[in-house]
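Since the structure comes first, as structure tokens, the remarks are kept for the end.
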């Protein structure tokens, strides 16, 4: 059984992990003014687009997910030949059209795949499952890493699916934006009310940073802390505590809206790296996707893991 794993480009995982494990990426296109980039998780392209466009006018960006027809074409031209079963793991359907587009495309794919597969010499049926990760950005990485692990262990489709759906329900994505003015401007552009609890002007004047939590599809502020670096340090320390209590998978994903050297310099990050090593947990760090950066702003930090239900505490 050849199992394929598909994510969208909002999923924050390192480029080399994606390539090494043949994870297929559905690109999300980002347009700022006349500049357009289809995000294929290329960190250099993301950083150069960030420096050229996102920092100044990112809040005006329009993001366009892969359409129903584009998803259908990708599957019928390639994936129904290369794989027997595909898991398509998407960003929370409350944040994007991708889940709905992929679900709609799946009907056409399952209708039309037989002649394509037969021409390639495959007589067995093809199947796919679209799974809402119920999370975003670094949070999407948790289920994707586990899908790669379970596939490598040779597990069957049914236990993989059950495990991924269970994990999605237990994934926590924590995020600290650096610039509340940007976040408010972006929320206005999108008509998004999930960050409406933050008084942006007040927050920026006092250097208050919200800790946002994505969990079971909902994104909401769960704490207000003072200063970006102290807030990052508290989030890393909280993650270390959860690590020691025991996570549901040996995975922590970190996304940063800029150069990774800046992430490495944040207080508390070295302690998180050391704790991961001691506890046998893999730490995946990546430059945040372009989609992530235009939505939460340059220099934002996201940390995700799967754990039993809990509350955030600094």
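Cβ from N, Cα, C; glycine included.
According to Swiss-Prot, the feature hexadecanoate binding site maps to 63, 96. Taken from Swiss-Prot, the feature domain 'DegV' applies to 3-307.
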Residue 96 (hexadecanoate binding site): tally of other CB atoms within 10 A of its CB: 19
C-beta crowding around residue 63 (hexadecanoate binding site), within 10 angstroms: 19
